[in-house]
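Chemist: From TrEMBL, here are the annotated features:
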- ASN11, TRP12, LYS13, GLY175, SER214, GLY235, GLY236: substrate binding site (BINDING)
- HIS97: active site, electrophile (ACT_SITE)
- GLU169: active site, proton acceptor (ACT_SITE)
Amino acid sequence: MVQRRPLVAGNWKMNGSRSESATLLDGIRKGVSAASRAEVAVCPPYILIPLTAEKLAGSPAAWGGQNLSVHKSGAYTGEIAGPMLRDYGCTYVIVGHSERRTLNGETDAVVAEKYGAAQAAGLIPILCVGETLQEREANQTEAVVARQLDAVLDRHGIASFRNAVIAYEPVWAIGTGKTATPQQAQEVHRFIRSRLAVRDKAVAENTRILYGGSMKGSNAKELLAQADIDGGLIGGASLQAEEFLTICRAAD
Ligand code: PEP
């Protein structure tokens, strides 16, 4: 039987002062255990990554970026490159979060380019996919998720998923307090895995697929109990150490 190590990753989005973040990181450092089955990671805003690296160095927790440039370096004012994230000890980077797709106009092609840039820099991309409420109501969930996935699969190949994580994040569940039911989430997770399996069964079996969308301490267990849910990408609930650690423990 395949043993996918669960991953619980916090997406802090654009939140946190230096002192609030130091307190949060101290709490996470204290609460994560090297003995736990689940892997824990946090993705703070860029400017807090040096502090995160300092606070979590030597702990079992990993850290990552929320975005990266498609370029390696150069005249791209305001951008941060994958190699810079690696230089600060990042393991992961989120690509294709729905907020970036919607608010920053990131197309499937740009997301695929960022996924490649992440891997080229030695980072593990956390590739976000998911449908809007309108798309779900129009029965387009699978078509949308397939399109988002195929953009990356066609460009980088199934083998690239040996070094990637997928996060299914229904847009209507992000930051809304509305969580997908465990069954709704499981259905899409199974669909994603089957989409990978068409290209390579072993890669599909080993790829971690996280759920994201209003996951919190009180609903994490049920969601994480589903066969194809291998962890969570946590927004709001990752800003409180105890709440975040409750989710991490539920993934153990
Ligand atoms: C997210 O933005 O990745 C997310 C899952 O947010 P929230 O948990 O707040 O819904």
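Counting starts with 1 at the first residue shown.
Using the three backbone atoms N, Cα and C, a Cβ is placed for every residue, glycine included.
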Chemist: Distance check, please: Cα of ASN11 (substrate binding site) against Cα of HIS97 (active site, electrophile), rounded to an integer number of angstrom.
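Modeler: Given the Cα positions, ASN11 (substrate binding site) is 10 Å from HIS97 (active site, electrophile).
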Chemist: With an 8 Å cut-off on Cβ distance to the ASN11, TRP12, LYS13, GLY175, SER214, GLY235, GLY236 Cβ center, who else from the chain surrounds the substrate site?
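Modeler: Checked against the 8 Å cutoff, the neighbours are ILE174, ILE234, ALA237, SER238, LEU239.
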Chemist: Among GLY175, GLY235, GLY236, all listed as binding-site residues, which has the most CB atoms within 10 Å of its CB?
Modeler: GLY235
Chemist: Just to verify: the residue among ASN11, SER214 with the fewest other Cβ atoms within 10 Å, which of the binding-site residues is it?
Modeler: SER214
Chemist: Which ones, of the recorded positions TRP12, LYS13, HIS97, GLY235, GLY236, have a Cα no more than 10 Å from the Cα of GLU169 (active site, proton acceptor)?
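Modeler: Hits: HIS97.
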Chemist: What count of other C-beta atoms do you get within 10 angstroms of the C-beta of HIS97 (active site, electrophile), across all chains shown?
Modeler: 27
Chemist: How long is the line from the C-alpha of HIS97 (active site, electrophile) to the C-alpha of GLY175 (substrate binding site), rounded to the nearest angstrom?
Modeler: 13
Chemist: Max Cα distance spanning ASN11, TRP12, LYS13, GLY175, SER214, GLY235, GLY236 (substrate binders), Å?
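Modeler: So the maximum pairwise Cα distance among the substrate binders is 14 Å.
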Chemist: Could you list the residues of the same chain, at least six apart in sequence, whose Cβ is under 8 A from the Cβ of LYS13 (substrate binding site)?
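Modeler: Residues satisfying the criterion: PRO45, GLN66, GLU99, GLY235.
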Chemist: Comparing the recorded positions TRP12, GLU169, which residue's C-beta has the most other C-beta atoms within 10 angstroms in this structure?
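Modeler: In terms of Cβ crowding, the pick is GLU169.
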Chemist: Helix, strand or coil by DSSP: which one applies to GLY236 (substrate binding site)?
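Modeler: Going by the DSSP assignment, GLY236 (substrate binding site) falls within a helical segment, counted as helix.
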Chemist: Check LYS13 (substrate binding site) against DSSP and tell me helix, strand or coil, would you?
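Modeler: SS state of LYS13 (substrate binding site) = coil.
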